Amino acid sequence: MARAVPEAVSVAQVETAGFVARARTGEEGDRMVEIRLLLAAPRLDELKEVLAKVSDPYSPSYGQYLTKEEVASYTRVEQAVIDSWQAAVTAAAPGASAVVSDYGDAVTATMTVAEAEALTGAAFAVLTHKEAGVIMMRPLEAATWPGVAAAARKALVFAIGVEDVALGGSDLKVLELGALRAAEPITPKVIKANYGVGNATGHANNTQAVAEFSGQYFEPSDLATFLANNDLPPQTVAKIVGGDDGPVGVEASLDVQTIIGTGTATPTWFVYGTQGSTFAELIHGWASELAAMAAPPLVNSVSYGLGNTNTPDGLKTQIDAEFVKLGSRGVSIIFSSGDHGTSCELFREDVQYPASSPYVLSVGATYLDSSGTEVGATLSGGGFGRTEPMPQWQEAAVKAYLAAVPSKPPAHEFDATKRAIPDISAYGENVIIVVNGENQGVAGTSCSAPMAAAIFALVNGDRLAAGTPPLGFLPPIVYAHGDAFHDITSGRNSDGLCHGWEAIKGFDLVTGWGSPNYAKFRAAAMSVV
């Protein structure tokens, strides 16, 4: 729902997020800031209904995705509202251009801090993060937006560059090779054998991608070494979006090597998000950049997240809206579920966002024990969200789980009316990659998300080769065919504060439906036209 004006970024929020605030100097008033005004799409609820129909494998509309232009017909804001915001930007910052998004639901402008103060009616402060060293300019008082018509203010859901100070990122754990569990290391050979991939390879008319943030880049020579070490054919990243000139990061290396190593021959993109200062802003910028593309990559893996309570509701609403746009066009979005179990916050579950969005597929983590049995990992993000309502497609599975699980956490720790995660899982411990020419062990749902994404992309390629549309928004078909996954029946994800959940037969809140079974899921997916 739209709010009249953005909420203030309070001193308490700033301190909680690890920032120190001070008044800006006169010279700092000349610094440039970008403000993105995110407006309420007038027919978003209707677009969500379209998404439900084109994603339901039992619907006659399954796979009948919209074009970018058709999606825009649901999201385009009334012209008078756009005109009001553009006029306000011009009045406050005469040299700035107020650029309207392709979908007509956002206005972006770059201006000086002093001009931003005139636009918002709020004084900006300098915020410095005590650990990360990140510096940003934000107001510590509520924006009043002088000169903006009431109807235009009412349409504003969130203002990027004005609100939100919480940082986020990847929780990937880097392991010494000697610290790996006493079980078989996870390599592409193990993944392909245990998840039924075998010798399946991708198709040239298909695409998969990884998203990266926070200075994470990959080294092509590490990818080449990784593929050679695992007796896989040479493959390079097909397309890089957003730059590739930063230092080598373990997260980016893992994502690229895992998605290519699992999904051999599928054309792979590396998409680096640059639009924003905080994690939630970067996620919105990345999603809106994908949505603006004429032909975005069809399967997208993201191994980053932030606690639900640290993500402003208005920004979550707008990020979800971008996911709805993408899903309506047949694009799959996959997020790691987080590496802190139930992510307890003030004795209540606070599972990671965007993994808890109802418009993405959330992937938890497993590991192989010494007997070769796949077990739900303690770190696997799982439980209930704080704000996102439970989608219809998972109601029956969650109800059955809550009725069957031997013991549940105390009622005050969770809200069973909210979105439950994960939806599925994959290996998230003992995973071996190459960083700076050397083998490196890693752990976390950062491993499992690109692994699962690659397998869905292989199925996508098979569908495209058969002349059928891509899988698109994944959860409805996944929940319709939960038996097409390897059921994980042991493991618990307590984080040491909240009690956590137990893996049992069928769907559970540690591993979802279980880990991929390419052959079985492919058969189920190929039967739907």
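From the backbone N, Cα and C atoms, a Cβ is placed for every residue, glycine too.
What TrEMBL says about this one:
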{"type": "ACT_SITE", "residues": "GLU251", "note": "active site, charge relay system"}
{"type": "ACT_SITE", "residues": "ASP255", "note": "active site, charge relay system"}
{"type": "ACT_SITE", "residues": "SER446", "note": "active site, charge relay system"}
{"type": "BINDING", "residues": "ASP487, ILE488, GLY506, ASP508", "note": "Ca(2+) binding site"}
{"type": "DOMAIN", "residues": "185-528", "note": "domain 'Peptidase S53'"}
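Overlay of TrEMBL feature records on the structure.
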residue: ASP255; record: active site, charge relay system; contacts (Cβ under 8 Å, 6+ apart): VAL210, GLU212, PHE218, SER301, SER303, SER446, ALA449, PRO450
residue: ASP487; record: Ca(2+) binding site; contacts (Cβ under 8 Å, 6+ apart): LYS505, GLY506, TRP513, GLY514
residue: ILE488; record: Ca(2+) binding site; contacts (Cβ under 8 Å, 6+ apart): THR366, GLU374, VAL375, GLY376, SER425, ALA503, ASP508, VAL510, THR511, GLY514, SER515
Just name the winner among GLU251, ASP508 (the recorded positions) by count of other CB atoms within 10 A of its CB.
ASP508
Cβ within 8 Å of the Ca(2+) site centroid (ASP487, ILE488, GLY506, ASP508 excluded): which residues?
THR489, ALA503, ILE504, LYS505, PHE507, THR511, GLY512, TRP513, GLY514
Taking every residue in the domain 'Peptidase S53' (185-528), what is their average pLDDT?
95
According to DSSP, which of helix, strand or coil covers ASP508 (Ca(2+) binding site)?
strand
